[in-house]
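> Starting off with a structure, shown below.
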């Protein structure tokens, strides 16, 4: 049975097959290796797009549109331009049908490729750039993310936000993304909660994340074993830190690497064994943070003080960064000797 798309402006587009018909028509089946789960309920896809805010006349990039469920909800709201990035060639005919149907109202471009490799610099033709401290940019990233790459993709985009590049070269572009419910809860987790983790720190330092609502797994085809959380991200108008993103991310990884132990245990691994005790004491004294608290008890402000202290230590003695406790044992021993000799 076909359905007719009606845009926000009232324009009636040619009738299109339903999503279920499209899946049957193109013999589309979710590929487990790609973590594909299709959202077939248009009430829910409309709700996801509504969470993104006003997109009429704006520029939208959709990640992994699949057979076009969320795509159709985006088109109903008449963005000026819509770019969809899809890795699976099986969906191209479906997406091309949508692009043809909406050509008089929205400039829809289809990019076949891997979103992890897609460069968003200058991807929106004619999109105005706004000052970072002004109102939000007219750019939105929306996507039902594959579970397998969602965390890596988020970290990549947070780094882009910190450098104001890619989609954030236009200004404070917003994101509306899906994650496993547990991941969504971790992203927004406040201090003193068991969900608090590296993603909490990183997301909250550069954006204001909000867990908008949860979608039951039963709404997806095929049904995943978990429910899904929809999270929106708006970059901070004034960044909470100017520290190098990679340094901050490294600190967060080490801090939460041993979350059931005192936080000094994870942080101590930043330093080579022969200087570990001395520099672990130093970093906590410099940051004025209790070394015997747990990682989930550390606030964003306390974390930034630790990161700032580590940055100062490295500027004083860059060789300290050479040590990597995850390296093979033989290499760690060489690194330890090199660091100690340099500091002697």
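Each residue, glycine too, has its Cβ placed from N, Cα and C.
When I checked TrEMBL for this same protein, it listed these features:
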- 37, 39, 64, 86, 114, 144: S-adenosyl-L-methionine binding site (BINDING)
- 44-237: domain 'Ribosomal RNA adenine methylase transferase N-terminal' (DOMAIN)
> Tell me, by DSSP, whether residue 39 (S-adenosyl-L-methionine binding site) is helix, strand or coil?
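Assignment for residue 39 (S-adenosyl-L-methionine binding site) reads strand.
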> If you count the other Cβ atoms within 10 Å of each Cβ, which of the binding-site residues 86, 114 comes out on top?
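When each Cβ's neighbours within 10 Å are tallied, 86 tops the list.
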> Indicate whether residue 86 (S-adenosyl-L-methionine binding site) is helix, strand or coil by DSSP.
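The three-state answer is strand.
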> Within the domain 'Ribosomal RNA adenine methylase transferase N-terminal' (44-237), what mean pLDDT does the predicted structure show?
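For the domain 'Ribosomal RNA adenine methylase transferase N-terminal' (44-237), the model's average pLDDT rounds to 94.
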> Using a Cβ cut-off under 8 Å and a sequence separation of 6 or more, which residues in the same chain sit near residue 144 (S-adenosyl-L-methionine binding site)?
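37, 39, 48, 63, 64, 66, 69, 70, 178, 228 - these are the non-local Cβ neighbours of residue 144 (S-adenosyl-L-methionine binding site), listed in sequence order.
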> Rounding to the nearest whole angstrom, report the longest C-alpha distance spanning 37, 39, 64, 86, 114, 144, listed for S-adenosyl-L-methionine.
20
> Take the Cβ of residue 64 (S-adenosyl-L-methionine binding site) and count every other Cβ within 10 Å, whichever protein chain it belongs to.
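Neighbour count, Cβ to Cβ under the 10 Å cut-off: 22.
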> Please report the number of other Cβ atoms within 10 Å of the Cβ of residue 37 (S-adenosyl-L-methionine binding site).
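So the number of other Cβ atoms within 10 Å of residue 37 (S-adenosyl-L-methionine binding site) is 21.
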> So how many other Cβ atoms are close to residue 39 (S-adenosyl-L-methionine binding site), meaning within 10 Å of its Cβ?
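21, counting other Cβ atoms within 10 Å of residue 39 (S-adenosyl-L-methionine binding site).
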